[in-house]
Amino acid sequence: MPDEPSQNATGIALTTAKTTDPPGTDAAANAEPLDRTALATLLVQHFSNSWGLRTAEFAVYLFLVTLFPDTLLPASIYGFATTGAGIILSGWAGKLVDENHNLRVVRASVVTIKLAACAMYAASLVLLFRLPALSTTERPWSTHLASGMFALIVLAGCVHTLAGVTISVAVEREWVTSIAMDSSTHLTTLNTNMRRIDLLCKLLAPLFVSLLTTVASYRFAAIFMGAVEVACMLFELLWIEIAYRRFPALQEAQAAREAARRVHAREDIAREADQSRPFYLSLAEGMLSKVKATLLDWREFAQYPIFLSSIAISCLYLTVLSFDGTMLSYLKAHAYSDPFLAGMRGLNVVAGLLGTLAMPFLERRLGLVRAGNWSIWSEVVCLLPVLITFYVGAPSDGSRAPTWNAVLLFGGMMLSRIGLWAFDLCQLKELQLALAAHPRRNSLTALQYSLQNIADMLKYILTIILSRPSQFKYAALASFISVLAGASTYLAYVRRERGHILHHSLGDMIPLLGRKTR
């Protein structure tokens, strides 16, 4: 990997060699086993954090759909704003992790996430109390108080998203890579455990929210979830401290980063000592320097082979063919109940869990790059019948779809999650290996977040323009085209990494039936 931008050619060659190593040649196969207590503490903290994120992800959209029926616009505005914040500031989040003490950054992110979630629940609660007083022709945004509460939901959602990106870069990327210590086996173990926790929370959190809203009420759900966030904040601060102290690799990596920063600080002393320049010139030069640094990061990232893989996974974010807020709004407009939708989302998450189980098996049999190829194309195949349901036998607004249509819709989405999450794990490991030795790996990793957020924001632009449920089929078509484009881009990555796409012998083309890839 390159130590400096001028070493891109060497870095690319090393990246290619590392990402195509066969699974059985782990250079750190004899690495010491991970500290089980430390690992358990880290995973418990990740579960608590992921639970809060997934609960808010489902609950806030559910509240918006309840408050703003018959339109996708409010949910799309919320999604557009939060995703836009991620695009603009995710690079800053990566630099925050690179340039500051990781433990302090994670602590601040935990507190910020919890407070932002509480603000969203509190604002939703105000709107939910106002809802019965509105006439059938009014909307909750028709008063200054109500519009202010909606603005607070959007603002808190932006802060919530940014803090989530920061803790994800710090823990799931930086800490996981440092803890693995060049062991491919440890890296796969950590990544799959993290992803399984994410998927478990995606399964259970919506069911939990639906139980609260069905058995009690939306108001009680908002109050209860806010209280849970406050309690979890206290425990997460304790757990993250224990995990950091028990993994010496984290402290060693932090010491190395601080030493590198001190070297760079000495080089900047001459510039800082010059106090004769006007303040506005210093400010302008500082801003110009940051812009140039960001552009150089993008230029360097684009020269890596992994950039094509990053483009591929980013295309998967431009889709409404998943159980996100826009799909939830569409399904609610067709008279599906909260428990039914939570159950269907749960089945999708179970399928995603199967994808995390399939990924290590595929990697052993096919190798990392080919496993990703099989995974992403299986998603494309499974989404084809889902697309058909929006054009053949689609229900009118306010009515249920025919049984066969619903089976294709929910069944195809469920099966597509297996390939999606297997590919997500493959691509994550490819990215970690490609940037493992890069001195600014968190800054470059954050650029992939930016790509993903750009695609996500384009999705919300689609649903803002096509805000009526009857227009959702056009957004579905654009989504399928985007997923197909992602799979095609990954083919280019496969060819660049391996020199070919298809093998010539039957045994190589169907390696799952033969011996392991060597």
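Note that Cβ sites are derived from N, Cα and C of the backbone, with glycine treated the same way.
If you look up TrEMBL, you'll see 1-10 marked as compositional bias 'Polar residues'. Summarising the annotation, TrEMBL assigns region 'Disordered' to 1-27. Residues or ranges marked as transmembrane segment in TrEMBL: 75-93, 105-129, 149-171, 199-216, 222-240, 301-320, 340-362, 374-394, 472-493.
Same-chain residues lying 6 or more positions outside the transmembrane segment (199-216) and placing a CB less than 8 Å from one of its CB atoms are 47, 50-51, 53-55, 57-59, 62, 224-225, 323, 338-339, 341-343, 345-346, 349-350, 352-353, 356, 421. Three or more CB pairs closer than 8 A are found between the transmembrane segment (301-320) and the transmembrane segment (472-493), so contact between the two stretches is assigned (pairs 6 or more residues apart). Contact between the transmembrane segment (222-240) and the transmembrane segment (472-493) does not hold: fewer than three of their C-beta pairs are under 8 Å, each pair 6 or more apart in sequence. With a cut-off of 8 Å between Cβ atoms, the residues of this chain six or more beyond the transmembrane segment (105-129) that come close are 49, 52-53, 55-56, 59-60, 63, 66-67, 96-97, 140, 145-146, 149-150, 152-153, 156-157, 159-160, 163-164, 166-167, 170-171, 218-219, 222-223, 225-226, 229-230, 232-233, 236-237, 240, 244.
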